[in-house]
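Record features (TrEMBL):
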DOMAIN    7-86  domain 'GST N-terminal'
DOMAIN    89-216  domain 'GST C-terminal'
Amino acid sequence: MITLYAFRWVPDFAKGYVRDLRVRWALEEAGIPYRERLIGLDEKTAPDYLAIQPFGQVPAIEEDGALLFESGAIVLGIARRSEALMPIDPAGRARTEAWMFAALNSVEPAIANLADIDIFAEGEAWAAARRPAVVEMIDEKLSLLEGWLGDRDHLEGRFSAGDLLMTTVLRDLEHTDLVERRPRLAAYRDRCMTRPAFAKALADQLRSFEGNEPEG
Ligand SMILES: N[C@@H](CCC(=O)N[C@@H](CS)C(=O)NCC(=O)O)C(=O)O
């Protein structure tokens, strides 16, 4: 059985947004059972854990002795096992993979920059100076993404691992109105988030923190 490594505790703003959510969601969509191994923040840079996740981050998984890290790589591995996340024809698979890379490589970096500015550097002068340019960069990506979607329900006509990752990336803008300003994009994100597998994954991540003492 797959063991998923996740944090035992994170600050409130991160609850429901930690990247193991992507893996939980993919596993739920694929109908693959898993168990959790919750680690403390003090364990993340211990040699034992660095042998599992070289950067001391979550998520990571272990299955039959095989270790894997990076949420995108883990979701890709799950998607390759399940038609629920990826079509079986080679062209459809390639398109799904392209959207997975697009979510993580073309859209997520600017959104992660904004999270740094708004959460980790809140109140700092450099953050206030940098913010407008980062917002503009994100807005351009969102505009093009919304343009691509047009009247489509999903990025490629059916739900796939590309939509899964894109949705988790867009959720990181929930503290802004950048997605809400774009009704088609907001509807797309919400459509993906109404999937039962998402609700189950989110509930399971939130439950995993319950009753755990603050750390760090
Ligand atoms: N590119 C990595 C990023 C993983 C990542 O940033 N994980 C965060 C939680 S969402 C983490 O472990 N943060 C703690 C740290 O960086 O020390 C992935 O997608 O798996």
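Placed from the backbone N, Cα and C atoms, the Cβ positions cover glycine too.
Counted with DSSP, the domain 'GST C-terminal' (89-216) comes out as 92 helix, 0 strand, 36 coil.
Across the domain 'GST N-terminal' (7-86), DSSP assigns 30 helix, 15 strand, 35 coil.
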